[in-house]
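Participant: Let me begin by handing over the structure; questions about it come next.
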Amino acid sequence: MDVIVSVDDFRTAARRRVPRWLFDYVDGGSYAEATLLRNRSCFNEHPFLPRVLRQIAQPDTTTTVLGVKHAFPLILSPVGMGGMLSAAGEGAAARAAADATLSMCVSHFSIASIENLARTVDPARLMFQLYIFRDRAITADMVRRAWDAGVRTLVLTVDTPVTPLRERDARNGFRRLSRLSGRQICQMASRPRWTLGVAQRSDRVIGNLVPYSMGRTLFEQAATISRSLDPAIGWADVAWLRQLWKGQFVLKGILHPEDTERAAGIGADAVILSNHGGRQLDGAVAALETLEANVATAAGRLEILVDGGFRYGNDIMRALTLGARAVMVGRPWAYALAAGGEKGVRDLLTYFHEGLQSGMSLLGADGIQNLQEENYQVPV
């Protein structure tokens with residue numbers, strides 16, 4: 001039995017439970033994976049300067065993100081095809097988040113459709129991530145479906161004009177094949193528990209794409225996606241979508257402060273600072289490294305969220321002391337779902353929450369607002 005006390009332990013357990021091609025799809029980055037590694041190493045560049053003797057028995061971690069109350073400032077990031085990691089599917093992660101008084105951002109390319117997930121949990125606990133397709137009618141229909149399902153926060157991903165080489169995926173034949181290869185079938189045979197569990201499910205395709213005839217199998221859909229997304233979207237397209245969507249509007253994939261300025265001007269309610277988990281431009285900065293500059297640019301006009309490399313409660317605390325409203329995690333919940341289904345995700349969220357509470361006590365912060373307003377960073 002696996003002893004799990006960290007995100008790295010969830011990762012190790014996940015690697016043992018799912019086929020190699022699926023684990024590498026979640027775990028890997030682009031090219032040399034330099035940005036993927038940078039997302040973790042950058043946390044060492046922001047040491048804390050704690051305060052003592054503040055009589056803090058139990059820090060208050062509650063906050064609001066885009067007007068929705070959260071037990072602590074963490075949101076589950078979109079993970080494409082995340083439902084394939086466990087027979088429990090994305091619904092298990094959504095339930096775990098909602099029961100913890102947190103939210104989940106549903107991937108455009110989730111196995112469970114947005115309608116099914118909105119029936120699983122209160123849609124107020126869901127955000128919907130969107131890509132813009134060449135066929136704008138598909139994009140507009142996805143917007144309508146999300147709204148009709150009760151979702152009120154739309155997250156447009158803006159950092160994927162193309163999909164770069166991801167060496168692990170290329171070696172595994174992922175996205176290049178329209179059906180399983182012999183090698184992939186052998187990898188599945190070496191994970192019989194996963195294979196039998198997933199084989200019993202009827203939804204082994206990307207649920208949100210089913211109405212649009214993009215393939216009959218998961219692999220056919222994956223091969224079609226890259227040809228279907230619009231590689232040349234611009235700010236005019238963002239403005240079009242902002243006009244189309246009546247709810248909270250968020251841009252994901254911002255790093256440069258000037259783009260945050262443009263987002264504020266176009267009516268975004270928040271931006272998510274992100275380098276797509278090191279899966280897009282290799283050599284890009286970590287989102288945490290741009291956080292203070294983007295917070296200064298936003299000047300309170302929109303909320304700043306951040307993702308990339310968060311593995312401990314103290315990591316959440318670092319982002320908050322630098323001005324973030326909340327953080328987002330993708331791979332950690334994917335590992336936890338693969339390792340232990342719904343219970344795994346629940347345990348992961350408890351781990352993050354307890355780590356944040358412990359860190360705040362040691363830092364001398366009694367609440368989230370105190371973290372964001374008082375200086376706990378070593379002076380430069």
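Using the three backbone atoms N, Cα and C, a Cβ is placed for every residue, glycine included.
TrEMBL: automatically predicted annotations, no manual curation.
Just so it is clear, the model here is predicted, and its values are computed rather than measured.
Straight from TrEMBL, here's the annotation block:
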ACT_SITE  His276  active site, proton acceptor
BINDING   Tyr25, Tyr131, Arg166, His276, Arg279  glyoxylate binding site
BINDING   78-80, Ser107, Gln129, Thr157, Lys252, Ser274, 307-311, 330-331  FMN binding site
DOMAIN    1-380  domain 'FMN hydroxy acid dehydrogenase'
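Can you tell me where each of these features sits in this structure?
Facilitator: Around the Cβ of His276 (active site, proton acceptor), a 10 Å sphere holds 22 further Cβ atoms from the protein chains shown.
Within the same chain, residues at least 6 positions away in sequence whose Cβ sits under 8 Å from that of Tyr25 (glyoxylate binding site) are Met81, Arg168, Asp169, Asn172, Phe174. The DSSP secondary structure for Tyr25 (glyoxylate binding site) is helix.
Neighbour density for Gln129 (FMN binding site): within 10 A of its CB lie 25 other CB atoms from the protein chains shown.
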Participant: Over all pairs in Tyr25, Tyr131, Arg166, His276, Arg279, the listed glyoxylate binding residues, work out the largest Cα-Cα distance in Å.
Facilitator: 20
Participant: Arg311 (FMN binding site) to His276 (active site, proton acceptor): how many Å between their Cα atoms?
Facilitator: 16
Participant: Tell me whether Asp307 (FMN binding site) sits in a helix, a strand or coil according to DSSP.
Facilitator: strand
Participant: Out of Lys252, His276, Gly309, which of these recorded positions is nearest Arg166 (glyoxylate binding site) by C-alpha distance?
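Facilitator: Ranked by Cα distance from Arg166 (glyoxylate binding site), first place goes to His276.
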